[in-house]
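Working notes for the structure below.
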Amino acid sequence: METILEQQRRYHEEKERLMDVMAKEMLTKKSTLRDQINSDHRTRAMQDRYMEVSGNLRDLYDDKDGLRKEELNAISGPNEFAEFYNRLKQIKEFHRKHPNEICVPMSVEFEELLKARENPSEEAQNLVEFTDEEGYGRYLDLHDCYLKYINLKASEKLDYITYLSIFDQLFDIPKERKNAEYKRYLEMLLEYLQDYTDRVKPLQDQNELFGKIQTDFEKKWDNGTFPGWPKETSSALTHAGAHLDLSAFSSWEELASLGLDRLKSALLALGLKCGGTLEERAQRLFSTKGKSLESLDTSLFAKNPKSKGTKRDTERNKDIAFLEAQIYEYVEILGEQRQLTHENVQRKQARTGEEREEEEEEQISESESEDEENEIIYNPKNLPLGWDGKPIPYWLYKLHGLNINYNCEICGNYTYRGPKAFQRHFAEWRHAHGMRCLGIPNTAHFANVTQIEDAVSLWAKLKLQKASERWQPDTEEEYEDSSGNVVNKKTYEDLKRQGLL
């Protein structure tokens with residue numbers, strides 16, 4: 001039986017070896033998406049084991065049962081040599097009884113892990129289960145969610161490719177359609193997105209993500225800024241949809257002038273008691289001014305279950321909105337897969353059956369070639385890689401001017417290799433964003449301008465030029481006097497003031 005100190009030593013060794021293997025795993029170059037996903041899952045498994053070992057170590061150091069303290073006292077007391085020989089005797093006795101006992105060092109186990117990573121078996125190459133439609137983490141498979149969506153009551157009938165474009169635009173759906181069936185659809189969609197994220201991005205801490213989403217949602221919900229769920233007005237009447245606006249009344253006496261019938265209809269719209277004299281009804285109705293239904297005294301309501309129902313509806317709406325908030329976040333995380341899915345579906349719909357079969361055969365052959373062992377490419381001059389994954393020829397590298405670097409200060413000192421990439425970047429998002437930050441339009445006037453100072457000075461010059469070319473009504477607008485003489489506006493006004501016309 002291992003001693004407490006030996007268990008602690010073994011746990012410390014395992015932690016260090018796990019850290020070393022995780023570092024090597026993360027530094028290993030992944031050439032395909034399959035390799036990246038499998039590597040992330042191996043890393044997460046080691047992280048989970050690391051946390052488990054750390055928890056065991058903490059329990060041993062806490063020493064709630066006092067065994068560690070007893071062992072320390074035994075080996076550090078006055079009879080330490082007697083204790084040493086006693087334990088040595090126990091070890092010899094154990095090996096005498098079990099002469100063929102095999103002990104596998106921990107280093108051997110981790111060496112086997114490294115070998116399995118370098119020469120993976122067929123099972124190790126498919127660590128995660130994906131459907132054929134998902135293409136091992138490349139695409140989304142939302143067909144079940146799509147069928148659930150188009151079967152919702154009063155839902156718009158659309159095709160699958162359109163659904164892929166708008167399935168996250170939940171804020172456009174009217175609140176009247178967000179019922180229990182709609183909530184079940186959201187739960188189904190969210191469950192798939194969470195499961196897919198867990199398979200494609202296993203290192204994503206979903207517990208931390210949930211806390212972040214919840215904090216942001218609570219803040220937006222309280223402020224009334226959450227998309228699709230605007231904050232209700234402060235008046236209790238407008239909150240309940242009544243047609244009487246209390247903002248025009250400053251006292252209950254003014255409300256009393258409306259009469260018994262009008263006050264009764266307004267109180268009924270709120271679910272309040274509508275009996276009593278004219279003064280009592282007016283005072284009861286005026287007491288709701290500037291208040292929400294939840295803040296009113298329950299004794300004012302005709303039936304308490306109605307107020308509970310209103311509060312229940314608010315909680316139900318908040319639950320639905322929180323589901324939407326989670327879906328928004330996961331869709332943003334899976335933005336790349338969503339775009340690839342849209343392109344893949346669009347491409348499949350435009351192809352014939354024979355072309356689809358050929359594409360599937362190509363994908364199978366590509367996956368088989370990806371699974372082959374990748375050799376280390378010799379690339380001492382750091383040349384760009386071609387379509388085959390190998391460095392392009394040096395003469396082609398020189399021909400395209402890829403040895404020339406162009407720096408653009410507007411793009412945040414980003415470096416572009418080759419004149420072609422440099423010229424193309426003026427129309428791309430990075431340069432356009434830099435120009436927008438400077439408050440300058442990205443027009444043809446600023447082609448080949450890479451310095452911020454040059455762009456600002458050119459923009460000032462262009463503004464002056466445009467100002468000088470702008471039409472000046474005082475000097476360019478022409479008038480005709482009574483004698484038929486044509487003069488500009490300024491001269492005409494001067495002559496008119498002097499009475500010379």
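Cβ atoms here come from the backbone N, Cα and C positions, even for glycine.
For reference, Swiss-Prot has these:
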{"type": "COMPBIAS", "residues": "355-374", "note": "compositional bias 'Acidic residues'"}
{"type": "MOD_RES", "residues": "Ser54", "note": "phosphoserine"}
{"type": "MOD_RES", "residues": "Ser121", "note": "phosphoserine"}
{"type": "MOD_RES", "residues": "Ser295", "note": "phosphoserine"}
{"type": "MOD_RES", "residues": "Ser299", "note": "phosphoserine"}
{"type": "MOD_RES", "residues": "Ser365", "note": "phosphoserine"}
{"type": "MOD_RES", "residues": "Ser367", "note": "phosphoserine"}
{"type": "MOD_RES", "residues": "Ser369", "note": "phosphoserine"}
{"type": "MOD_RES", "residues": "Thr475", "note": "phosphothreonine"}
{"type": "REGION", "residues": "342-374", "note": "region 'Disordered'"}
{"type": "ZN_FING", "residues": "406-437", "note": "zinc finger"}
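Geometry remark: Thr475 (phosphothreonine) versus Ser54 (phosphoserine), CA distance 84 Å. For Ser121 (phosphoserine), the nearest neighbour among the listed modified residues (Ser54, Ser295, Ser299), judged by C-alpha distance, is Ser54. Taking the zinc finger (406-437) as a whole, pLDDT averages 91 in the prediction.
Under DSSP, Ser295 (phosphoserine) is assigned to a helix (H, G or I) in the three-state scheme.
Within 10 Å of its Cβ, the residue among the modified residues Ser299, Thr475 with the fewest other Cβ atoms is Ser299.
The highest number of surrounding Cβ atoms within 10 Å, among the modified residues Ser54, Ser121, Ser295, is found at Ser54. Sorting each residue of the zinc finger (406-437) by its DSSP state yields 18 helix, 7 strand, 7 coil. Comparing Ser54 (phosphoserine) with Ser299 (phosphoserine), their Cα atoms are 57 Å apart once rounded.
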